[in-house]
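**Student:** Below is a structure I'd like to ask you about.
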Amino acid sequence: MQITPGKILAQINSPEDLRKRDRSELLQICDELRQYIIDNVSVYGGHFGASLGVVELSVALHYVFNTPDDQLIWDVGHQAYGHKILTGRKDSFHSNRLYGGISGFPKRKESPYDAFGVGHSSTSISAALGMAVASKYKGENHRQHIAVIGDGSMTAGMAFEAMNHAGDIPNNMLIVLNDNCMAIDPNVGALKEYLTDITTSHTYNRVKDEVWNLLGKMSNFGKSAQEIVSKIENGLKATLLKQSNLFESLNLRYFGPIDGHDVEYLATVLNDLKDIPGPKILHCITTKGKGYALAEKDQTLWHAPGKFDKITGEIKKKVHATPQPPKYQDVFGHTIVELAEQNPKIMGVTPAMPSGSSLNIMMKAMPHRAFDVGIAEQHAVTFSAGMATQGLTVFCNIYSTFMQRAFDQVVHDVAIQELPVIFCLDRAGFAGADGPTHHGAYDIAYMRCIPNMIVFSPMNEQELRNIMFTTSLDDFKELKQTISIRYPRGEGVMPNWKTPFEKMEIGKGRKIKDGEKVAILTLGHIGNYAVKACEELANEGINPAHYDMRFVKPLDEAMLHDIFQNFDKVITVEDGCLQGGFGSAVAEFMLDHDYSAQIKRLGIPDRIVEHGEQIELHKECGFDPEGIAQAVRDILGREKVVYSSNIVNLTMN
Ligand SMILES: Cc1ncc(C[n+]2csc(CCOP(=O)(O)OP(=O)(O)O)c2C)c(N)n1
């Protein structure tokens with residue numbers, strides 16, 4: 001489908017084109033840019049509300065600053081669609097997030113305007129500071145460095161670590177705080193309250209306006225502007241604001257709050273700030289979803305709504321004639337509530353992903369027992385550990401990819417202290433359209449190397465429920481171990497998923513089917529691909545055995561002895577990195593016990609795999625159903641037999 005940009009936007013292929021336009025045209029450019037985002041996302045899907053909220057900022061920043069020489073760094077990057085469209089990717093924007101298309105996030109390889117690759121939050125200030133220090137060191141004093149960070153991302157420790165450093169060393173950096181009071185879900189924490197206070201405080205704003213007026217006059221003073229700034233600092237602002245402003249007390253000059261949707265004013269202010277040396281922060285108030293009424297109203301739903309009818313606002317969902325399996329995240333969300341209703345020790349924790357993890361179900365049902373701690377994975381882990389020391393049963397739900405942030409906390413605060421925290425790692429395996437920054441590729445490898453860690457992955461909804469039940473029982477605590485339960489993004493396989501709870505034996509796998517010559521060992525949901533592969537192979541007279549190993553650690557050693565005594569060809573399948581993963585664990589077992597079998601390991605290879613639908617990526621890496629079937633044929637030295645209607649037709653002819 002051809003999507004046509006508005007009249008002026010059609011002529012803008014780079015920020016240089018934008019900078020040639022008259023300031024009076026900025027408003028229309030914003031309208032056209034907003035419309036282009038709506039037109040594209042409604043048809044092709046993607047993140048939505050965040051980009052609409054920074055349309056004016058995107059235009060003003062590229063209008064005022066000399067990008068890409070000036071470095072513009074977007075935090076998280078899910079809000080950078082306007083930036084992408086303005087920086088030469090308007091015509092390829094229809095391929096956003098699609099297999100082989102442009103990335104949904106800024107990516108250094110993709111464009112010189114993408115100063116820093118991103119996807120995980122709260123990195124922008126550190127990166128911008130590094131660039132600012134490098135520019136200073138190289139004598140490139142003309143260069144500007146701008147980090148655009150949301151109020152949600154500002155809650156993370158990394159952002160504070162960076163500001164703490166920035167306020168202490170010479171650098172020329174501007175932090176634009178894009179404050180819309182939202183993360184994906186409503187933003188949480190004391191900082192949010194502080195930002196609201198600062199925005200609404202009458203005294204503060206009166207003082208700020210006086211300072212701002214003075215600042216506004218600065219442009220008339222040319223070179224003496226800096227002198228004026230220091231006068232301002234020595235006066236009213238320094239005394240009054242320093243005591244009352246968090247950022248000022250960190251030695252960052254604070255400006256704002258200002259309306260982040262007034263593009264001309266934004267341009268004026270940003271232009272003024274160019275002349276003010278040192279680290280500074282501009283607080284902009286914006287509305288997530290700005291310009292699309294429904295997205296302004298339900299900001300969580302419209303964070304990434306999928307395809308929708310832009311006129312009616314109807315979000316397009318597949319309609320099925322029969323009941324469908326639930327998403328794993330919903331099985332987690334409902335099951336934790338079911339268990340917690342019976343067991344008062346159970347608590348839930350999520351770092352800023354209540355709706356993504358479905359912990360919001362518990363937050364609603366039991367607000368005092370389920371916590372959104374902000375974008376703070378490290379804190380989430382240690383906070384859970386603290387509760388566990390007091391005998392509570394804590395389910396800490398973190399996406400596999402974001403858990404990478406908290407590795408040390410898992411080792412130091414949980415495993416070494418033998419605390420039975422239950423980690424639920426959502427979005428484990430390929431994440432899909434979000435791409436390499438979000439693939440949950442590494443958790444098997446980084447969890448299985450930790451002593452006292454059990455690593456489990458359910459093949460279906462029932463296994464997820466049963467492991468949650470098992471680990472919530474008091475005798476799990478007696479093991480003095482922790483567990484990582486990994487499951488993928490998307491649906492399971494059981495429409496009737498609400499099965500009665502059964503206790504599982506830790507370290508016990510199950511045989512799915514007997515077979516001969518080849519044993520397929522799978523971990524987790526991907527085992528369902530192997531079931532399909534076996535069905536296809538049965539048509540060709542090939543009959544491999546299939547085992548759902550469930551646990552990478554401890555491995556089901558009895559089962560593995562049996563497998564290696566009966567099969568000399570073994571295929572392992574995992575939706576995780578091959579290096580150090582499940583297949584590696586099986587190969588280590590074989591070596592440690594002096595077996596010698598031919599092992600073929602299927603999983604995520606040792607390279608960055610880009611974005612696309614999960615099934616496209618599984619196929620690319622050779623572990624979709626057909627890839628697994630082909631691996632069996634290959635290991636047996638068999639050709640694929642094609643029983644297609646064409647062949648029948650040929651025979652008949
Ligand atoms: C380390 C990390 N944890 C969680 C996420 C998931 N995530 C993506 S966007 C987002 C909210 C960001 O909020 P904010 O910075 O305020 O930006 P907004 O969407 O409001 O523009 C979260 C939690 C992430 N990208 N990185």
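Cβ coordinates come from backbone N, Cα and C, glycine included.
According to TrEMBL, the protein carries these features:
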type	residues	note
BINDING	His78, Gly119, His120, Ser121, Gly152, Ser153, Asn180, Tyr292, Glu377	thiamine diphosphate binding site
BINDING	Asp151, Asn180	Mg(2+) binding site
DOMAIN	326-495	domain 'Transketolase-like pyrimidine-binding'
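Distances, neighbours, how buried they are, the whole picture for these features please.
**Tutor:** Listed in sequence order, His47, Ala50, Ser51, Gly104, Phe105, Ala304 are the same-chain residues at least 6 apart in sequence whose CB falls under 8 Å from the CB of His78 (thiamine diphosphate binding site).
Under DSSP, Asn180 (thiamine diphosphate binding site) is assigned to coil, being neither helix nor strand in the three-state scheme.
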**Student:** Round to a whole number and give the Cα-to-Cα distance in Å for the pair Glu377 (thiamine diphosphate binding site) and Asp151 (Mg(2+) binding site).
**Tutor:** 16
**Student:** Max Cα distance spanning His78, Gly119, His120, Ser121, Gly152, Ser153, Asn180, Tyr292, Glu377 (thiamine diphosphate binders), Å?
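**Tutor:** Between the most distant Cα atoms of the thiamine diphosphate site, 32 Å.
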**Student:** Taking the Cβ of His120 (thiamine diphosphate binding site) as the centre, count every other Cβ atom within 10 Å, in any protein chain shown.
**Tutor:** 22
**Student:** Would you mind listing, in sequence order, the residues at least six apart from Asn180 (thiamine diphosphate binding site) in the same chain with a Cβ closer than 8 Å to its Cβ?
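**Tutor:** Asn180 (thiamine diphosphate binding site) has long-range Cβ partners Gly53, Gly150, Asp151, Ile285, Thr286, Thr287, Lys288, Gln299.
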**Student:** Counting other Cβ atoms within 10 Å of each Cβ, which of the binding-site residues Asp151, Glu377 scores lowest?
**Tutor:** Asp151
